Amino acid sequence: MSVIERSMPRSNSGNHHRQSSDNFILDANYHGRLFHPSAFAQEFGLRSSSLRKNDDDRLFTSGLLDLHSFDTELLPEGQYFDDSEPIFPGNKLAPSSRGLTESNVLKSISADKERANNVAKIKVAVRKRPQNKKEIAKKEEDIITIDSNSLTVHERKLKVDLTEYVEKHEFFFDAVLDEDVSNDEVYAETVEPIVPLIFQRTKATCFAYGQTGSGKTYTMQPLPLKASQDILRLMHHTYQSQGFQLYVSFFEIYGGKLFDLLNDRKKLCMREDGKQQVCIVGLQEYRVSKVETIKEFIEKGSATRSTGTTGANEESSRSHAILQLCIKRSADGTESKPARVIGKLSFIDLAGSERGADTTDNDKQTRIEGAEINKSLLALKECIRALDNDQGHIPFRGSKLTEVLRDSFVGDSRTVMISCISPSSGSCEHTLNTLRYADRVKSLSKGNSFRRDSFSLSNLRDSTVLPVLPHDDNFEDEIAHVSSERNQFGWPKHSGREPSHPSNVERVASGRVEGKLAPSMYSNQQRGQRGIQNERAEKENDYLVPRQDRTRKVSNRVDNNQLSTVEDKRKIGSHAKSVNLSHVENTHSDPDDDLNALLKDEEDLVTAHRRQVEETIDIVKEEMNLLVKADQPGNQLDDYITKLNTILSQKAAGIFQLQTQLAQFQRRLNEYNVFLSSGE
Ligand SMILES: Nc1ncnc2c1ncn2[C@@H]1O[C@H](COP(=O)(O)OP(=O)(O)OP(=O)(O)O)[C@@H](O)[C@H]1O
């Protein structure tokens, strides 16, 4: 439960100290050094002697796009790429001054393109941060082990008989970065390969996802600075004299509204122009040609960001912060014509992922924030998946965040997701949620079917304790009933009888129905409490009903048979398809509305799942208390324990059922996206 105090704006003078030397942005100790040119050069691996004498040959022979090769490039002390420098000396390349021939440049550009094709459309990396002082003081265990690209969460659990066991959850990602990895290495692994692509008309997005205090800001803040340094180098060497310009903007999405972080938090509006291009009206973009200037902008914007305090982080981000580096060029390479966007690199520091799930907070504002955050995180995931599957329809209207990023989701785009996790046992649940989000983003991607089938579902299974089910006809009927009945998108319907709350389980747990349990085990007071608890559980079940209705509403618009699988859909002739589509179009104008409803359904399933788990834990705790109290001669403890085991088994089966539904739901959602895109 997080206590959130509003404190806006974020102040650099607060307790938000960075601990590692490679995070030069906010570490006050570095400020002096950073602004000193030689220290700056040192920080960025630059040599401080003369720049352009003899280094050009090596620079270009070692590969124009090998950004590491630029690390040895020299900048004259005190000299930066400045607006005053003649960066538009005409369209002609200047081979004599750079020791380059035109064909070399062309070769290097085509090498760029080749490399661009080799950079994955989506990359998912996970970064584990070191344990912090609080966690160490609390003697929390480090529960994460890393082995090359795999990561294992060792979750401690208690069996019903109170014996401890460790459940392992193994995940595989494109990159897994442990606590010793520096920010420089994070950059090299994630953003550096995509920097050259933005000169090739690519829009790239890098975002950090994770629970509050897991290191998102720590990870994200240095990246734009390092990227802009590389962009400027490319602009001034590989693409010298080609009229490229670099622009920076920085804004946040807070509570579904946009604020300019570089212009006194001016409220911004988003509009679509005639070509369905998203414009953020009023957003200040600054042309920059010095890394130092960009650094100042980042600091200014970060200080203006909406933050609050949580138990996990004293300066917790409550908004999504988006910093964009945009490369533009005028049509003729001169400044006489307005510059047009060539490529864009967006860095998004997302708000803490647990915010959306925090339904316990009584503060209305915080709950609204949470809902907004949750919605945007779900929508973001769907967009990335749609992107990676090359789907024509990208559900960007799912949230403000995805709408804003619309132009990063169309055309040639690249996405890097860095999932940040805390290492400690106290964060286990959030860590697993983060890893599952990342896993889902990755696992349903094209060409990744092996992973989907083996790893993702095995992750689901691994995470589920499935005791052997006692034979119970009613309960099995219930499951069969649920599995066979599908809504019109093909995923299982919730029935009036919620399968994950089998009625017999509830009756026993609530004490409403005469059970075989020894009556002495329940005092009146306990009965009362259980009654209340049960009512609450019923209300929670009710909570699912409107969602079911909504799912049905959505599904009524599309014929069940024709959407049950993508395969079935393909079998339908084009005529049938057009009839079907016209039916869809007639009955609802905007497929994104449906998608919103679907996303909400998914969210509800996740919520229901979480509640099942919480409820099971409550039951175990309560029953254990009763068990201890009931440990008297004459009581039929064995019977009681058997009964309790049955309850827990059924609860676990209910949870498993929900997880299965969730997995099916996700597959159907994907099919739905394919369907929409094929109809466009
Ligand atoms: N890899 C790391 N190495 C050293 N310190 C780290 C690392 N990651 C995070 N930290 C420290 O942990 C604290 C929390 O990190 P940070 O503010 O980046 O979290 P966050 O995920 O952005 O949180 P929120 O969502 O609440 O804004 C900071 O003090 C930061 O310096």
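Every residue, even glycine, has its Cβ placed from backbone N, Cα and C.
TrEMBL labels come from automatic prediction, so no person has curated them.
For the ranges 352-373, 550-571, 572-593, the feature annotated in TrEMBL as region 'Disordered' maps to 572-593.
Per-site Cβ counts within 10 Å over the binding-site residues GLY210, GLY213, GLY215 peak at GLY210. For ligand 1, the nearby binding-site residues are SER214, LYS216; that is, of GLN211, SER214, LYS216, these have a C-beta under 6 Å from one of its atoms. The average pLDDT for the domain 'Kinesin motor' (121-444) in the predicted structure is 85. According to DSSP, GLY213 (ATP binding site) sits in a coil region rather than a helix or strand.
GLN211 (ATP binding site) has a Cβ environment of 27 other Cβ atoms inside 10 Å.
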